[in-house]
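As written in TrEMBL, here are the features:
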TRANSMEM  20-41  transmembrane segment
TRANSMEM  53-70  transmembrane segment
TRANSMEM  76-102  transmembrane segment
TRANSMEM  138-160  transmembrane segment
TRANSMEM  199-219  transmembrane segment
TRANSMEM  231-252  transmembrane segment
TRANSMEM  273-295  transmembrane segment
TRANSMEM  315-334  transmembrane segment
TRANSMEM  341-365  transmembrane segment
TRANSMEM  377-402  transmembrane segment
TRANSMEM  523-544  transmembrane segment
TRANSMEM  581-607  transmembrane segment
Amino acid sequence: MTERPQPVFPSSSPLSSRPAFLYGAAVIGAGETVASIGEALTTAVLAPASGGWRLAVAGTLPPILVWIALRPSVPAALGAAGAGWWIGIAAGCLMISGLLLLADVAWRCGIARLAQSAALLGAGLAALHPVPAHPVSLAALIVTGFGLWAAALLPDLAVLRDRLGAGPHRRTRLYRALSLGWRGSALQWLAWERACRGLALLGILAAVAVLIDLALAAALRTDRHDTLLPIALLVEAVLSGAGLIAALAVVLRRSLGLGGLVTGRHLDILGRLILAFGLAALYCHVTEIVTAILYGDAAERARLTRRLLGDEAPAFWTFMLAGLLPTQFCWIPAIRRSPAALGLTGALVACGLGADHVLAARIAAAGTGLPDRLPELMAAGAAALGSVGLFVLGLLLLFRLVPPVSIAETRRLALLHNPQAGPSPPPIGHPALRGAMQGAMQGVVQGAVQGAGQEPGQGAMPRTGRDPSPGLVAVFASEAGLAEAARELSASDAPPRLDAFGPVPMPEAGAALHRDERSLNRFALSGAFLAAAAYIVVRAAGFVGELPSGIADGLMGVAVSAWTLSPSLSSLPVLPPVWPLSWAMAAVPALSAAAAGGSVGIAVALLRALRGARTGRPLPSDLAGHFLLTVEPASEPFNPAALARRLMSLPASAGRPLAVYGPAAGRPLR
């Protein structure tokens with residue numbers, strides 16, 4: 001793809017100070033607009049299911065049925081390996097999505113929904129296996145992953161609701177309920193952005209905690225802790241997540257025709273990510289081998305020999321040749337930018353990394369070795385294939401209900417990169433909108449005067465099912481113009497009550513209207529503290545209940561382990577086998593519980609903010625996707641005609657609206 005020249009923005013535009021493109025190809029198609037993005041992504045969800053989709057669903061059913069039938073015969077060690085593999089994929093996808101969101105990377109919209117959906121499904125599939133990690137850590141991964149996925153969906157669900165209209169269709173009722181009254185106001189956008197950032201941070205904490213929990217579980221069973229193991233697990237998790245996202249992105253842009261939204265630049269970035277973390281994973285394992293050769297004892301060298309040449313060799317060389325070696329192909333730019341080559345590389349890497357979890361299954365089996373009988377190995381292979389089929393089925397069903405790419409964030413990216421991507425002016429020829437033409441001062445003022453109580457005319461605001469309010473609705477071409485108009489009206493001696501609505505986040509408009517949302521932090525901290533405290537209390541009560549002398553033995557065990565440098569076994573009371581003598585064994589699940597509790601707190605705060613921002617009259621659905629400023633009386637007297645004249649007297653580049661509507665009669669826009 002050839003590099004296009006950067007667009008030139010007016011000096012007053014807030015986009016003029018930001019770089020239009022990253023290095024390399026564009027991150028969004030040149031012709032993408034707010035309207036075209038909404039049309040493409042809602043059509044992908046609302047259009048009838050194609051024959052290819054039905055065939056794909058049918059193809060996932062046989063391996064799922066085989067997996068269900070063979071699950072009881074899968075060895076526990078290999079079942080734990082499957083759980084570790086899915087946990088790694090879920091944690092990696094969640095970390096990629098969260099880090100891109102926290103870093104405010106504008107082009108993340110092309111892959112963020114894929115990463116969040118894969119994280120949610122991967123965590124759910126891990127729960128269907130015998131999990132070697134603490135249940136609280138896995139539950140926190142599921143809760144935070146679901147919270148981020150659901151919160152990011154809210155604006156898109158509202159777009160689907162508006163697209164379907166007000167009919168009695170079941171899907172209409174479903175999206176109306178799931179959108180939670182979303183209207184796209186400045187306060188709602190502010191609460192949404194803060195909630196997504198908070199959930200992304202908590203998701204990263206939960207992902208890191210569950211990976212550390214896996215490393216601690218391995219150390220607990222072998223009485224040996226490798227300092228590189230947590231780092232290797234984290235690096236391989238991100239690597240497997242990047243490989244899976246690359247494969248899914250290639251399939252998505254091919255099957256749904258979304259090449260303008262998931263571009264070659266996204267694939268190139270994913271290829272570089274696979275290369276970087278492939279090098280890091282290779283470094284970890286080469287360092288482990290060299291350390292065992294140079295400084296290891298006889299047991300470590302014997303273990304290395306088994307891994308390279310013995311019974312663990314098939315899994316080890318599968319991991320090296322399929323999981324790590326293909327990452328080095330991404331040094332070649334042609335492979336990074338070829339959808340087919342990158343998709344195959346990503347899928348091979350994601351599958352090959354599962355072999356490393358098979359190696360870890362020896363640890364999970366407490367040194368009894370891996371099963372070598374053919375029926376057990378075939379059952380394990382069928383289980384792995386069936387879980388992959390269930391994952392694919394989940395994605396197919398999810399993307400028939402929700403857009404596979406974020407509509408709101410992609411629209412924001414289009415407004416940043418494409419000068420003509422803004423909402424189109426309201427249709428001049430519409431019977432209910434005639435007379436509200438761009439720049440037609442006389443028609444606008446006439447509509448405002450009619451809205452103030454005179455007989456209705458062509459420029460009047462359409463009815464919305466409630467009593468008409470004596471306010472105005474101004475339509476703008478951009479958020480910058482809306483913010484300028486809001487600042488102008490707020491500077492008057494008796495400012496009216498203002499609110500802003502738009503199809504994308506509006507931080508500048510929110511600042512102009514002095515909107516703020518501070519309850520999210522309080523709810524998040526309260527939820528995290530309560531969840532961590534509840535976990536510690538429940539865990540302590542369970543331990544004390546298992547001791548022979550109750551709380552006395554518990555206090556003695558804590559005192560001895562905390563203050564004695566080298567406690568003898570005779571000085572300790574008879575403790576239950578799961579007593580956390582290591583602080584990490586108690587701190588990591590407590591951190592996971594705090595992340596889950598914080599996510600629940602953010603969800604409650606977001607629902608509260610959405611409920612509080614639903615006041616005011618509903619807006620016409622024909623103006624959805626536009627930047628709107630509502631002007632309503634805050635006190636008497638209220639002169640809408642004077643306010644309309646004041647708005648239309650603003651410079652065209654600094655706050656003049658495309659149209660202003662009065663509130664009174666006129667037939668509905670539909």
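Note that Cβ sites are derived from N, Cα and C of the backbone, with glycine treated the same way.
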Q) Under an 8 Å Cβ to Cβ limit, what residues of the same chain, 6 or more beyond the ends of the transmembrane segment (315-334), are close to it? A) 236, 239, 268, 271-272, 274-275, 277-279, 281-282, 285, 307-308, 341-342, 345, 348-349, 351-356, 358-359, 370
Q. Would you call the transmembrane segment (76-102) and the transmembrane segment (377-402) in contact, using three or more Cβ pairs under 8 Å, pairs 6 or more apart in sequence?
A. yes
Q) Short question: which residues 6 or more past the ends of the transmembrane segment (581-607) have a Cβ under 8 Å from it? A) 134, 136-137, 139-141, 143-144, 147, 150-151, 180, 191-192, 195, 198-199, 202-203, 205-206, 209-210, 212-213, 216, 220, 519-520, 522-532, 534-536, 539, 561, 575
Q | Leading contact stretch, 138-160, 199-219, 273-295, 341-365 vs the transmembrane segment (231-252) - CB distance under 8 Å | A | 341-365
Q) For the transmembrane segment (273-295), what are the same-chain contacts with Cβ under 8 Å, counting residues 6+ beyond its ends? A) 96, 226, 228, 231-232, 235-236, 238-239, 242-243, 246, 301, 303-304, 320, 323-324, 326-328, 330-331, 336, 345-346, 349
